[in-house]
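Chemist: I have a structure I would like to understand better, so I am pasting it below and will then ask my questions one at a time.
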Amino acid sequence: MMRQGAKQYVVARPLYSEESFAEEHVKVYRHRKTILDHFKQYFTCDAKRAKNAALSLLPVIGWMKMYQIKEWLLSDIVSGVSTGLVAVLQGLAYCLLASLPPWYGLFSAFFPVIIYFFLGTSRHISVGPFPVLCLMIGSVVTRLVPDEGPPANITGFEGLTRDEQRVLVASSVTFLAGIMQLAMGILQVGFVVMYLSDTLVSGFTTAAAIHILVSQLKFVLGLQVPGISGPLAIIYTLEIIFNKITSTNVCDLVISLVIMVVVFIVKELNDRFKSKLPVPIPIEVIMTVIACGVSYAFNFRAKYGIDTVGHIPKGYESPMAPNLHIFQETAVEAFPMAIVGFAVAFSVAKVYSVKHDYTIDGNQELIAFGVSNIFGASFKSFAASTALSRSAVQESTGGKTQVAGLLSAIIVMIVTLAIGFLLDPLPKSVLGAVVIVNLKGMLMQFRDIPYLWRRDRPDCVVWLGTCIASILLGLDLGLAVGLGVELVSVVVRTQFPRCSVLANIKGTDIYKDRKDYCDVYEPVGVKIFRIPSPIFFANIEFFRSKLVEAVGFSPLRVLRKRNKAVRMIRKLLKKGDLQWTSNGFMTTSCGPIKESEDESNMEDLDLPTDFKDLPARIDWNGELPSNIVVPRVDIHSLILDFAAVSFLDISALKGLKTALKELIRVEVEVYIVACDPYILEKLHNCCFFDDEVQPSIFFLTLHDAMLHIIEKYPDSTEKKSDFDKIITTVTVHNPGGSLRSRDKYAPPSETKF
């Protein structure tokens with residue numbers, strides 16, 4: 001029953017095939033640009049385009065012209081100071097992940113921010129160290145310059161201390177990652193981030209959080225654990241930690257536990273009362289200052305042997321050229337760094353751009369981060385992206401533009417140039433505790449697993465595959481494995497789509513899967529088959545097998561059986577064992593008719609059935625001579641719903657044409673409906689049509705094809721049925737219609753197509 005008050009519509013129009021629609025409606029001609037046209041346009045320059053290019057390369061010009069000093073400046077100052085304090089602490093803390101002296105983290109929180117201020121399109125992200133990137137850099141650093149044993153044989157290491165060698169490695173791999181990002185930005189390939197799904201990024205960052213947690217245990221416990229890189233590094237690291245667990249520095253452990261508990265509680269309060277607090281309580285900064293003061297007052301370094309940040313040199317170091325030999329050694333690791341750094345920053349920037357209603361440019365973001373990393377690496381900083389917590393501070397404290405980011409860089413500069421010495425007694429266990437507490441968001445992503453398993457199991461497999469591979473094999477190989485699993489899941493989904501047989505919903509022009517509804521009707525002799533995916537080389541055989549399953553017979557097998565039967569009938573007629581009468585074939589031989597075993601010209605069995613030299617055309621569903629058995633074909637029409645088919649490749653075209661010919665040769669008429677115009681154009685261009693497969697098989701909609709079939713085969717609907725007529729909104733009217741209903745108890749009624 002239709003609900004009361006429901007709106008209805010009636011459409012009266014001609015029945016359209018693709019050909020008739022094209023004849024009646026003139027299509028607008030559109031010139032399609034060739035590759036040469038795009039090439040010319042790309043390199044054509046005029047004053048307007050030069051101006052737009054300058055504005056796109058320097059987005060700061062665009063938003064600075066609209067900067068509202070009275071409304072925005074105070075908010076940016078408050079945000080910049082708050083973010084700067086957090087950036088100082090995170091710069092020191094995340095630098096430990098990169099296996100570098102802590103103060104180099106201050107360089108990474110300063111130089112990239114300056115460049116991003118001019119080139120970046122996001123107004124709210126805080127550029128600087130990101131823990132996952134720091135960990136990836138740390139794995140490269142410890143591989144080339146291990147804690148124990150000689151460094152790798154690299155030209156340029158001569159005369160450098162271990163820390164200087166590590167800084168050279170970190171800055172060189174950062175420089176290389178920056179070059180890759182800049183190249184991708186110039187080549188306009190910012191779309192690569194689309195291949196990193198949210199599920200993959202979630203699994204990857206969760207695995208990174210596990211790596212970060214394990215890497216910080218040595219600082220929390222006060223143990224000397226050498227840096228290990230490569231597959232199963234996390235297992236070996238845990239083994240060393242457990243072997244040395246009895247040597248834990250109790251003072252470091254107590255400090256870390258106190259810091260983690262207090263910071264965790266206050267951050268929870270910040271989240272709960274964020275609507276009432278003007279700015280979040282900077283608890284990490286407060287606890288760091290307290291811990292630094294207590295450590296200095298009680299001389300923890302001398303009394304308890306804890307490891308501290310130590311002397312922080314004032315000022316900045318002179319620029320340094322990257323090492324080309326290191327480029328060769330780290331190219332494989334630099335590429336995933338470039339991708340991960342950009343992907344994380346772009347995803348965070350996209351969230352804030354939607355929230356505050358402005359646009360960001362993926363290609364310009366690549367250029368901005370590429371130049372930032374190249375410039376920063378020249379001054380011994382390491383790869384920059386954005387930390388989620390730091391960006392949240394910049395946005396939640398009222399930051400309106402990157403002026404807040406610039407002010408945060410000034411705060412970092414003040415610490416570097418003037419008051420860095422105050423951080424000398426700060427225990428590294430405090431930095432490790434701060435890092436671990438800030439992993440909460442990434443670790444809580446484990447809660448996604450049950451949801452994904454219930455909602456989308458292939459996505460859950462991608463999450464688990466990426467996470468497990470990244471934990472066991474390392475972040476670089478894990479990311480590659482995750483991409484592989486993701487691509488395989490996409491291929492599997494398109495290679496094995498959920499095909500279905502459709503039926504009409506009574507009284508409508510709507511067609512749904514016949515398994516999903518009770519009140520559905522299928523005209524006798526008609527099948528409607530739907531494939532909900534592109535058809536290409538990997539799934540064309542699956543498509544054909546599902547099509548055979550849907551129609552209930554193998555067209556090729558039926559065709560071969562018919563051609564064999566025709567051969568046998570010809571021989572019997574020639575021998576006189578079979579005669580044609582007005583009532584059909586009559587056997588004149590007294591003995592049994594043996595099936596022919598002549599297997600010559602087997603290839604002819606796949607050709608259309610040839611009835612020449614026979615007195616009449618054979619009715620294959622009628623009575624045949626004894627011992628001649630041919631499978632029955634109970635359908636006369638097949639409709640293929642191509643509404644969800646977005647493309648066909650050459651292999652699919654060949655396979656589809658073969659399938660259509662096999663059906664046509666067994667006297668099943670095939671109709672293709674809702675085909676994309678570009679697919680139809682491709683079929684014409686690829687000479688898809690011939691004497692058997694013709695353009696007239698294409699119809700505008702599924703309902704048009706169904707009405708055409710009902711009009712063409714009125715006799716098939718004259719069998720006894722519960723229904724008296726089929727009414728259409730077109731000029732077709734067929735009395736005595738017969739429809740097959742799956743609802744056995746449906747009362748007699750009127751059905752509309």
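Including glycine, each Cβ sits where the backbone N, Cα and C put it.
Heads up, TrEMBL stuff is auto-annotated, nobody curated it.
Straight from TrEMBL, here's the annotation block:
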TRANSMEM  73-94  transmembrane segment
TRANSMEM  100-119  transmembrane segment
TRANSMEM  165-184  transmembrane segment
TRANSMEM  191-213  transmembrane segment
TRANSMEM  219-238  transmembrane segment
TRANSMEM  250-267  transmembrane segment
TRANSMEM  279-298  transmembrane segment
TRANSMEM  334-354  transmembrane segment
TRANSMEM  366-383  transmembrane segment
TRANSMEM  403-423  transmembrane segment
TRANSMEM  461-485  transmembrane segment
DOMAIN    525-709  domain 'STAS'
Chemist: Please work out whether the transmembrane segment (100-119) lies in contact with the transmembrane segment (250-267), by counting C-beta pairs under 8 angstroms that are 6 or more apart in sequence and asking whether there are at least 3.
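Modeler: By the criterion, they do not touch.
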Chemist: Using Cβ atoms only, state whether the transmembrane segment (279-298) and the transmembrane segment (250-267) have three or more pairs under 8 Å that are 6 or more apart in sequence.
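Modeler: Checked: the transmembrane segment (279-298) vs the transmembrane segment (250-267), in contact.
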Chemist: Tell me, please, if the transmembrane segment (403-423) and the transmembrane segment (191-213) are in contact, taking contact as 3+ Cβ pairs under 8 Å between residues separated by 6 or more positions?
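Modeler: Result for the transmembrane segment (403-423) with the transmembrane segment (191-213) is no.
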Chemist: Tell me, roughly as an integer, the mean pLDDT over the domain 'STAS' (525-709).
Modeler: 84
